[in-house]
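Enquirer: Sharing a structure with you now.
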2 protein chains.
Amino acid sequence: MRVIPATEFALKREVDYGSAQQNEAVKSIIEEVRRDGDAALRRFAERFDGVRVDDLRVTKQEIEAAYEQVDESFLAAIRAAAANIRRFHEKQLRSSWMDLQADGSILGQVIRPLRRVGLYVPGGKAAYPSSVLMNAIPAQVAGVPEIVMVTPPATAGAEGINPHILVAAAEAGVSEIYRVGGAQAVAALAYGTESIPAADKIVGPGNIYVALAKRYVFGAVDIDSIAGPSEIVVLADETADAAYVAADLLSQAEHDEMASAILITPSPELAEAVAREVDRQLSELPRRDIAAQSIRDYGAILTVTSLEEGIDAVNRLAPEHLEIIVREPFQHLGKIENAGAIFLGPYSSEPVGDYFAGPNHVLPTNGTARFSSPLNVDDFMKKSSVIYYSKEALLRDGEQIIALARHEGLDAHARAIQIRLEKEGTNHG
Amino acid sequence: MRVIPATEFALKREVDYGSAQQNEAVKSIIEEVRRDGDAALRRFAERFDGVRVDDLRVTKQEIEAAYEQVDESFLAAIRAAAANIRRFHEKQLRSSWMDLQADGSILGQVIRPLRRVGLYVPGGKAAYPSSVLMNAIPAQVAGVPEIVMVTPPATAGAEGINPHILVAAAEAGVSEIYRVGGAQAVAALAYGTESIPAADKIVGPGNIYVALAKRYVFGAVDIDSIAGPSEIVVLADETADAAYVAADLLSQAEHDEMASAILITPSPELAEAVAREVDRQLSELPRRDIAAQSIRDYGAILTVTSLEEGIDAVNRLAPEHLEIIVREPFQHLGKIENAGAIFLGPYSSEPVGDYFAGPNHVLPTNGTARFSSPLNVDDFMKKSSVIYYSKEALLRDGEQIIALARHEGLDAHARAIQIRLEKEGTNHG
């Protein structure tokens, strides 16, 4: 693993916006689903998934059968994780509120769950039960009454059913599951078909076609952020255990070749020791080819002259995951401006958060922690402003409102106030 | 104004995604700004605005001079509105929080303002001081240290300076103002130039080029929602004053030809009276051509058999603005699922909210209130998760975390936990 000064390092990975061909394909799939509904979904299942789908919806019996197929320890672990995730997200809940004014007016915000949310779950090996929990539970906690999961038929169909995904969905409060994947699933969630009513928001990871489809339908429905390549930054001093740090870097690097794992340290000894440990541990990993390429292309050990300089580098990188393994880590928390999730101390290894502790593992990637947040309960709620103006308040403020409306050349706005002042002012005076 | 049953009505207006030509133009402008920086901004100012711009940044002296040019009553009204907007948005502020666990672990959310926000303000007649307040004050309340305004040089330049915009910006806490408009301004905010550092988020309304540019740079920076055609729905019973209702419908209709103004009522008498009042008041309006076309193309009076049926129609329409002018309006508030801003009672005319009461006038348009919210303080803040796991918690939960990681085939994740259990478990046991 290369060791270089932090000042000489910049991480730049381009987001994949797809080729013109891929964008065209997605557009035509979406249009076909809008036009032909369920029939289009069945055609695409045959063409792309090689599966004939009769019932688009997964039945209650199939979900019950899935419970028979997973082992006890998996179920226990999923339930423990789900309880932690639920607890953490319940802390985020906010109530509607009112601000009562002396003049009798009431202003406020009504905060409500979305009605219907669609959750995309990829098929095959990329189908992670933990991601089902992380995407569905915040919606459940928000109070979304209809949480709809879609997943390719080769995963959830009679042929290739993945019982762990079905069990995770049931545990996380998913209310409907449909056998449909790819851009066609996104189109169904955005516009609805005979079998699948349209949703208000679509979340969840997917391949490039799913990502492009989400981008395309954005506006007709809401979407979550488009996941880019992900990263971990470990900020560590000489008190850190090199083997722990190396293991944490590799846990990110094994995700994919574009992932980035970076150590920032003022300790030359730790830098050397972690470089050695990464080489040693890498050779033992089942996914060593992926991890090695990630470390080579996007990994680095950055040396700094002080922890303060290290924190500046962290804020520039705005990493998805940040571990702070130093003496007194809380001392530095207040200085961290940009990071998706912050792991403090030697026992808060990234997988603790990926699977179990409770905070969400859907995090802003590729530097977007500058302006984005982990998936959270707010993402599944919407606000409405409430304005109840009293007669007294209108009579008091009316002339100023009229002045502002007139100034902007919006005469009908002014007249809507004027007509009330004329009638009510007379009664009043 | 046409009177039809609510069951026969649907409102469908397409969002403008621009022509291929417009999209190409925007793309090439953005690329030129990325390549040539300030020089590109100056070239575009000459080409599009017909203005030679020397200093891109508006000086303190120009802002002081603007205060000399606006009259007392405007300044007083702007200050009163700003105080109300500030008060309402301060109620939305949230603190970072921690959840302390019995095992010594700490989980939480750090909630912080964005560092730098760009506010687009259109030039010419569409430059509304009220919109400057509505976009900038939530950022100011959130604690954003750098609030940057951009506006075309023909508005803020030496030739066509609009002092009301400059004064509103100063009152709303804008920290820098630049003479640059159009897609090139969006590019400058997204990627930065020699004079204008890049921002984390871009908000504010603009023409189709500005909207397309925001869509294009989304991902590199955050953006607010793209404003579509706007609407008002008035839900009223026989207690409503037909002249008030008609005036409020027209205050929306005067905005533009695509605006929609809809009355929903169970009272045939009110329906007739409002139809007559709209005709009568329309003839007196300076902007009657715009308002008449809006009423003809997108306006309607919808009759329902009950207020409950009316509320169903409201929720289907998901209007930007909703007025409820009925006996006991609060009785129905809990049933309203989809609306950007809800105005209750006869004195809460829409312009009260557009200018003065405090809630934001940047609202979800064209049915997006199903999943979007008024502009608010959360839009200018970001969250980071915090995970501090204790040794005790890790030893307790480690095996379950390993089980989940192994199940998903992510062995390096499992090893990051395993290596700690091996070392710490020994010490522990």
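Think of each number as a place in line: the chain as shown, counted from 1.
Cβ atoms here come from the backbone N, Cα and C positions, even for glycine.
Just so you know, TrEMBL annotations are computer predictions that nobody has curated.
Note that this is a predicted model, so its numbers are computed, not measured.
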Enquirer: Please state which member of A:ASP200, A:ASP312, A:ASP354 TrEMBL lists alongside A:GLN252, A:HIS255, A:HIS413 for binding Zn(2+).
Expert: A:ASP354
Enquirer: Given that TrEMBL lists A:SER230, A:GLN252, A:HIS255, A:ASP354, A:GLU408, A:HIS413 as binding substrate, which residue among A:HIS321, A:HIS332 does it place in the same site?
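Expert: Candidate in the recorded substrate site: A:HIS321.
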Enquirer: Hey, of A:TYR120, A:SER230, A:GLN252, A:HIS413, which of those binding-site residues are within 10 Å of A:HIS321 (active site, proton acceptor), Cα to Cα?
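Expert: Within 10 Å of A:HIS321 (active site, proton acceptor): A:SER230, A:GLN252.
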Enquirer: Under 8 Å Cβ-Cβ to chain B, which of the recorded positions A:GLN184, A:ASN207, A:SER230, A:GLU320, A:HIS321, A:HIS413?
Expert: A:HIS413
Enquirer: Is A:SER230 (substrate binding site) helix, strand or coil when read with DSSP?
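Expert: In the DSSP reduction, A:SER230 (substrate binding site) maps to coil.
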Enquirer: Within 10 Å of A:GLU320 (active site, proton acceptor), Cα to Cα, which of the binding-site residues A:GLN184, A:SER230, A:HIS255, A:GLU408 are there?
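Expert: The binding-site residues passing the 10 Å Cα test are A:SER230.
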Enquirer: With every protein chain in view, what's the tally of Cβ atoms within 10 Å of the Cβ of A:GLN252 (substrate binding site), excluding that atom itself?
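Expert: Total other Cβ atoms inside 10 Å, all chains included: 32.
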Enquirer: Using DSSP reduced to three states, classify A:ASP354 (substrate binding site) as helix, strand or coil.
Expert: helix
Enquirer: Other than A:TYR120, A:GLN184, A:ASN207, which residues of the chain come within 8 Å of the NAD(+) site, judged by Cβ distance to the Cβ centroid of those residues?
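Expert: Near the NAD(+) site, the remaining chain residues are A:PRO122, A:VAL150, A:PRO152, A:GLY181, A:GLY182, A:ALA183, A:ALA185, A:VAL186, A:GLY206, A:TYR209, A:VAL210, A:ALA213.
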